[in-house]
Structures are given as C-alpha cells and as structure tokens.
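**Q** Here's the feature list from TrEMBL:
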| type | residues | note |
| --- | --- | --- |
| TRANSMEM | 25-51 | transmembrane segment |
| DOMAIN | 43-294 | domain 'G-protein coupled receptors family 1 profile' |
| TRANSMEM | 63-88 | transmembrane segment |
| TRANSMEM | 100-122 | transmembrane segment |
| TRANSMEM | 142-163 | transmembrane segment |
| TRANSMEM | 198-223 | transmembrane segment |
| TRANSMEM | 244-267 | transmembrane segment |
| TRANSMEM | 273-293 | transmembrane segment |
Amino acid sequence: MTTLNSSNTLSSTFYLSGIPGYEEFHHWISIPFCLLYLVGIMGNCTILHIVRTDPRLHQPMYYFLAMLSLTDMGMSMPTMISLFRVLWSISREIQFSTCVVQMFFIHTFSFTESSVLLAMAFDRYVAICHPLRYATILTPRLIMKIGIAALLRSACAMIPLLARLAFFPFCHSHILSHSYCLHQDMIRLACADTNFNVIYGLVLISVLWGMDSLGIFVSYVYILHSILKIASREGRLKALNTCASHICAVLILYVPMIGLSIVHRFAKHSSPLIHIFMAHIYLLVPPVLNPIIYSVKTKQIRQGVLYLLLHTKISSTMM
C-alpha cells in the first residue's frame with residue numbers, strides 16, 4: 001500500500017521536454033514557434049470574423065469553414081503555454097491533472113476536425129451533385145446538429161481512454177518526450193498493463209478516422225462522377241476548383257496525423273528529434289496553412305480579407 005501511494009504521489013508531476021541537444025538555443029527556437037502561433041491565431045480569427053460579419057458568407061460552406069477554424073485553434077492553443085514555458089526556461093513541470101486536460105483538448109479537437117472535414121466533403125457533394133436542393137438539405141439547424149454531434153462524439157470517445165490514466169502508477173521516469181502531453185507518450189511511462197489503452201486507442205483511431213476518411217472518399221467518388229458529366233471543360237474545372245481547398249485541408253490534417261501515429265507505434269527507438277518534429281507538424285501545420293489556403297483559393301474569403309485590411313487601413317488613416 002505504501003509503495004502504491006508513493007508511486008501515485010510521484011506520478012502527480014511530470015517533466016516536459018524541449019528539443020534535446022539544442023537547449024542552449026531554446027530562446028532562439030521559440031521565435032519561429034511564436035511566429036507560427038501568431039499566424040495561426042490571426043488567420044483563424046480573421047476567418048471567423050469575416051464569416052460572422054459578412055452576410056454573403058452566411059452559407060453552409062462558410063459555416064463549416066468557421067468550424068474548421070475553431071477546431072484548429074482548439075487543437076493547437078492548449079499546447080502554446082506549456083511549449084513556451086519550456087523554451088523560455090520558465091518551468092518544465094506539469095501536473096498530472098493539467099496534462100490530462102491538455103490531452104483531452106488536443107485529441108478531442110483532432111478527432112472533431114476530422115469530422116468537420118467529413119461534413120465539408122458532404123457539403124461539396126450536395127453542392128455539386130444536388131445543387132437545386134442545397135439550401136433545403138443543409139439548413140442552419142442541420143449544420144448546428146452536425147457541429148454538436150462531431151464535438152460530442154470525439155469528447156465522449158476520449159473519456160474512457162483518459163479516465164484509466166488516473167489508475168496507472170508511474171514509478172519510473174516522469175519525463176515526457178514533448179513540450180506538451182500526448183496519450184501515446186504518457187502510457188509509455190506507466191508501470192502497469194496498458195493493453196486496454198493501446199488497443200482502445202488503435203480501435204478509436206481506426207473507427208473515427210477510418211469512418212471519416214471513408215466518408216470523404218465516397219463523397220469524392222460521387223463528386224467526380226458528377227463532374228465528369230459536365231459538358232464544358234470550364235465547368236468541370238470550376239467545379240473541381242471549389243473542392244481544391246478542402247482536399248488540401250484533408251491532406252494537411254491526415255498526413256501528419258498518420259505519420260505521428262506510425263512514429264509512436266513503430267519507431268519508438270528512433271531519434272527523439274523525429275518524434276518532436278512530427279508532433280509539432282501535426283499541431284501547427286493545419287492551423288497555419290488552412291486559413292492561408294482558403295484565403296488564396298476561395299474568392300469570397302479573399303475579398304473579405306482584402307476588405308478587412310483596406311477598411312482597417314482607411315480607418316487608421318482617418319484617425
């Protein structure tokens with residue numbers, strides 16, 4: 001009993017890692033990270049502001065884009081404070097409860113973003129394959145239900161996985177591999193049978209990501225089938241162009257996500273830099289690139305950004 005209490009006490013505090021071998025450069029390394037976070041936050045906040053204030057963008061496609069921006073920020077922002085605490089040499093310690101909360105937000109919003117991308121694929125399917133029924137199928141009420149269902153599905157699926165961590169003793173190393181908490185990293189340190197967490201985690205990834213990716217694939221099969229029926233080349237290109245941003249967003253999320261899972265499962269003894277590099281790509285690339293891609297590829301968003309910049313510039317000049 002004494003040993004168990006001791007191990008549980010020890011497990012209440014963990015130590016985050018920066019970039020091993022480059023500790024003396026952490027302050028300099030924090031500069032590009034800071035810039036990336038700022039770009040991601042500003043870009044997604046701009047998207048949200050434009051969609052909210054421009055009546056022309058009160059359409060299903062842009063509501064889903066706003067959801068994507070929210071999930072991007074929800075996935076990346078929980079890591080920001082702990083990352084800069086490590087890089088600025090403030091503190092490497094993180095309490096177990098804080099670590100679990102951070103994991104919950106990271107993994108929940110990661111799964112939610114996958115569901116939002118599936119919803120966006122369905123939006124493109126309805127817009128291209130059933131354009132006359134677009135407004136009647138994708139009503140604001142249905143869009144709200146889709147968003148709530150995506151969030152609840154992801155959150156409820158994570159609860160059993162993270163709840164079991166409270167019963168694990170961590171009697172050996174308490175040093176995590178990253179500057180924030182990931183479930184795959186945490187269970188590696190447990191001195192207990194973690195088969196449930198490993199198997200449940202694999203099933204969760206296979207079912208949630210598998211269902212979403214299958215739904216996206218099937219949607220695009222129908223979309224391509226409809227596009228090929230369009231007589232004019234210009235019409236086919238225009239229809240494909242409306243899907244380009246979404247396809248990029250899917251690749252930006254799934255490629256780093258799959259890469260990080262493979263590294264954690266099958267490359268445990270590889271260089272720590274590979275794990276750190278993949279983890280930061282997984283969390284930072286989607287929030288940074290998605291607003292840029294949609295601003296460049298979507299005319300209405302691009303016009304909204306230009307109007308916002310010019311309006312702000314004119315207002316500051318008049319003052």
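Using N, Cα and C of the backbone, Cβ positions are placed for all residues, glycine too.
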**Q** Over the domain 'G-protein coupled receptors family 1 profile' (43-294), what is the model's average pLDDT?
**A** 88
**Q** Before we move on, state whether the transmembrane segment (25-51) and the transmembrane segment (273-293) share at least 3 Cβ pairs under 8 Å, counting only pairs 6 or more apart in sequence.
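**A** Since 3 or more Cβ pairs under 8 Å link them, the transmembrane segment (25-51) and the transmembrane segment (273-293) do come into contact.
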**Q** Cβ under 8 Å, sequence separation of at least 6 from the ends of the transmembrane segment (244-267): give me the contacting residues as numbers and ranges.
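**A** Residues 68, 110, 113-114, 117, 120-121, 124, 182, 184-185, 205, 209, 213, 216, 220, 274-275, 278-279, 281-282, 285-286, 289-290, 293-294, 297-298 contact the transmembrane segment (244-267) from elsewhere in the chain.
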**Q** Hey, which bits of the same chain come close to the transmembrane segment (63-88), Cβ under 8 Å, at least six residues off its ends?
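**A** Result: 16-18, 26-27, 29-30, 33-34, 37, 40-41, 44-45, 47-48, 51-52, 94, 101-102, 105-106, 108-110, 112-113, 116-117, 119-120, 123, 140, 143, 147, 150, 179-181, 249, 283-284, 286-287, 290-291, 294, 301.
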